Amino acid sequence: MCFLDLLCCCVGPAACGLCCGGCGGKAKSSILTRLLYLSFLVVIVLVSAILLAPDVQTALEKDAKVLCVNYNRSVSVPSNVVTFPTATVSVDRLLNCNQFIGYLAVYRVCMGVASFFLVMMLMMFCVFSSKDPRSYIQNGFWCIKWVIVLGVVVAYFFIPDGNNLAFSRTAMAFGLIGSFFFIVIQVILLVDLAHRMAEFLLDKAEESENKCWYFPMLMVTVIIDLLALIGIALMYAYFTELDSCSLNKFFITSTLFLSVVVSVIAILPWIQRVQPKSGLLQAAVVSGYCTYQTWSAISTEPYGPDRDCNIGDSTFAVFSGSGNALAASIVGILVLLVTVAYVCFTLSSSEQLRKFRGGSKDENESSLLGNENVYIHDKGDVEGGGGGGGGEDEEEKGKWRMTSVNDEEERVTYSYSFFHFLMLISVLYLMMQLTNWADPGEADTEHFQNSWASVWVKMATVWTCFGVYVWTLIAPLVLGSCREFDYADD
């Protein structure tokens, strides 16, 4: 029975929650579906890590002709790379595509998976009922989906880059666009989480009349602020040593200045009147995140013979990575996985999606997007007509019969299309993290160059984050009673 249910899940339209039920367990089909889609990201990380391993790179070099066909570009090696006994000069060398084939492979793997989620997003547009035939595609056919993804990825490997790595640079452009949207959503969720965290602790303190609840809030605020200040100080110490690092000084100073500004605004009397639960905790969380993004931006700046503002080496050799770029990439991937898990199980739900989009609370939209109704079915009730007389034999069979929790019996509990949009931009952001936000078109014989576009995207999100948080503080004053701003109310 379990094998048949599993087979129906893998190659048929049944939801995998039903498979678990067939083995005597219980699970919500909507949750398991999202977990299975999240497994795509985990597989991307594992496959990309393998492709970027030095030994695998050596093996890939033998078959690099597919990716590097017609690639023949001469580059001028900077004077600080080639040194002769008597002088340091610049020379022209033929760039070998094999030297960064691992990154080219990562671009193709991620673009293949991103294409899958793009098609799923378009296909699932306006699916409001679980009785829609497209919902079966969303929740089932998992083996077929994996085969399709594998086929698309393999097809991308047969697309040659040609001269100047045109395909990889195009993939990077899509990655930057998707990453911007992902980080903006990440910022909005961070601000919302900061408000919820503070309001939860304040509500507990008021309900229990126990001031001990203020202590964890104070400790978290102090710790985050201290870490942010230490980070700012370290960035000033190690990323602004040269006179040519004035841009880094501007980035760091702007982050410090805006952190102070939002902290002051959060405790202003006229803000406290309309939002008595706003305070330094929310400002600390926002400042800490923006400090991290600032470090991520300046640690992956492009190198140059006249500009080296990073500690040690501002560049990274292909596949080995400098300490800064590697650390930023690892932290970014960890933050991404946590954020994606949180996004997929909260923001894609009907209630959170309504709040995120700013929709009305009328009953019609609720009926379209659905709610968290749970339906429990037992095959014995259906087959036996709901009557008794099963005896011990029926009770024994019931242990192995399906007792599934199907929370999408009548309507969907989350937006399928928006969920796949989140997965799409998550894959693109993951692609940029795995490739250290590098520009494949600016590679030389020993270095894989970062791009200024990625630096400005990250700094733009820093300033956007501060702006979004300030807006959440002043919005009740500007909009008055036009909107509801109760973050704690689900």
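Here the Cβ of each residue, glycine as well, is placed from N, Cα and C on the backbone.
What TrEMBL says about a protein is an automatic prediction, not a curated fact.
Features of the protein shown, as given by TrEMBL:
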REGION    380-402  region 'Disordered'
SIGNAL    1-16  signal peptide
TRANSMEM  35-53  transmembrane segment
TRANSMEM  100-128  transmembrane segment
TRANSMEM  140-159  transmembrane segment
TRANSMEM  171-191  transmembrane segment
TRANSMEM  212-238  transmembrane segment
TRANSMEM  250-268  transmembrane segment
TRANSMEM  325-347  transmembrane segment
TRANSMEM  418-435  transmembrane segment
TRANSMEM  455-479  transmembrane segment
Original post:
With the transmembrane segment (35-53) as the reference, which stretch in 100-128, 140-159, 250-268, 418-435 has the largest tally of C-beta pairs below 8 Å?
Top reply: 100-128
Original post:
Would the transmembrane segment (140-159) and the transmembrane segment (171-191) count as touching if the test is at least 3 Cβ pairs under 8 Å, pairs 6 or more apart?
Top reply: no
Original post:
By a Cβ-Cβ criterion of under 8 Å, what residues six or more beyond either terminus of the transmembrane segment (171-191) are in contact with it?
Top reply: 107-108, 110-111, 114, 282, 285-286, 289, 293, 335-336, 339, 342-343, 346-347, 356, 422, 424-429, 431-432, 435, 438-440, 451, 453-454, 457-458, 460-461, 464-465, 468-469, 472
